[in-house]
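Feature annotation from TrEMBL assigns signal peptide to 1-20. Marked as substrate binding site by TrEMBL: Asn9, Trp10, Lys11, Gly172, Ser210, Gly231, Gly232. The active site, electrophile annotation in TrEMBL covers His95. Look at TrEMBL and you will find Glu166 tagged as active site, proton acceptor.
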Amino acid sequence: MKQKLIVGNWKMNGSLAANAALLQALKQGLPAGGKAGVAVAAPAVYLAQLQVELSGSSIGIGAQDVSQHEQGAFTGEVSAAMLKEFGVRYALVGHSERRQYHGETDAVVAAKAQAALAKGVTPIVCVGETLQEREAGQTEAVVKRQLAAVIHQVGPCVSELVVAYEPVWAIGTGKTATPEQAQAVHAVLRAQLAAATEHAGRVPLLYGGSMNAANAAQLLAQNDIDGGLVGGASLKAADFLTIVAAAQ
Ligand code: PEP
């Protein structure tokens, strides 16, 4: 079986003390020789703390965003090279909260993915439809449009992406896509990747949207669900560890 990947997205949560306690619990609770890949995406100011706390651990460090620019007059932005200096392995790009509240377009998301790849940071490209789009029968068209922009931009590097399907209506709402609904969209994304690269099978396709300790196993059992992007439940060590255990 392909190795699964579970990524926690802490969003704008945490403190030095709370992070230290959570990371300690994760390090202690992860099974030795566990097969699933595990990472946590923290607010940028805490990446230095993660670099220290996670040194020697198998838990990867993730950022929640990355600038599309290399350097210069972009106040508030953090470049991929800077992330790399703090041991960052993954950067979320195009999370729906960035698209919705920060006006990130498909083109910006694609440029961010490219900027991350250029510095050896793996972009986790988030795609997903709103409830209105789902009800209008536009799910497939929306996720394909979002992913197409990235595929077009990164060209032959497409096989180095991680893709996360996160239906917007399921994020932070407690409404999870059914395993069948999620699998159906993942199959569409896999086919789209397969048209772009012969290595589509090795692109991890994560599901995100109210994944929790109770529903993770069923979601992760689907053919094209290679892991999870976990928001709320990643802040509770016991829940996150249960999800990781479901991915072994
Ligand atoms: C997310 O923020 O990527 C997410 C999936 O959140 P939640 O698990 O809380 O729905």
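From the backbone N, Cα and C atoms, a Cβ is placed for every residue, glycine too.
Predicted automatically and left uncurated, TrEMBL annotations should be read as such.
If you take the Cα of Lys11 (substrate binding site) and the Cα of His95 (active site, electrophile), they are about 10 angstrom apart, rounded to a whole number.
DSSP assigns Lys11 (substrate binding site) to coil, not to a helix or a strand. Its Cβ taken as reference, Ser210 (substrate binding site) is surrounded by 20 other Cβ atoms within 10 Å in the chains shown. Set side by side, the binding-site residues Gly172, Gly231, Gly232 differ in how many other CB atoms lie within 10 angstroms of their CB, and the most is found at Gly231. The two recorded residues, Gly232 (substrate binding site) and Glu166 (active site, proton acceptor), have Cα atoms 14 Å apart.
Within the chain, the signal peptide (1-20) has long-range Cβ neighbours (under 8 A, six or more residues past its boundaries) at 35-43, 46, 49-50, 53, 62, 64, 90, 92, 95, 97, 124, 162, 164, 201-202, 204, 206, 208, 220, 226-231, 234-235, 240, 243-244, 247-248. The two recorded residues Trp10 (substrate binding site) and the residue listed as 'active site, proton acceptor' have their Cα atoms spaced 15 Å from each other. For Gly172 (substrate binding site) paired with the residue listed as 'active site, proton acceptor', the C-alpha to C-alpha distance reads 11 Å. Glu166 (active site, proton acceptor) sits 12 Å from Asn9 (substrate binding site), counting Cα to Cα.
Cβ neighbour count for Asn9 (substrate binding site) (all protein chains, 10 Å cutoff from its Cβ): 26. Apart from Asn9, Trp10, Lys11, Gly172, Ser210, Gly231, Gly232, the substrate site neighbourhood in this chain, defined by C-beta within 8 angstroms of the site C-beta centre, holds Ile171, Val230, Ala233, Ser234, Leu235. Of all residue pairs in the substrate-binding list (Asn9, Trp10, Lys11, Gly172, Ser210, Gly231, Gly232), the one with the greatest Cα separation is 14 Å apart.
Following the DSSP three-state reduction, the secondary structure of Gly232 (substrate binding site) is helix.
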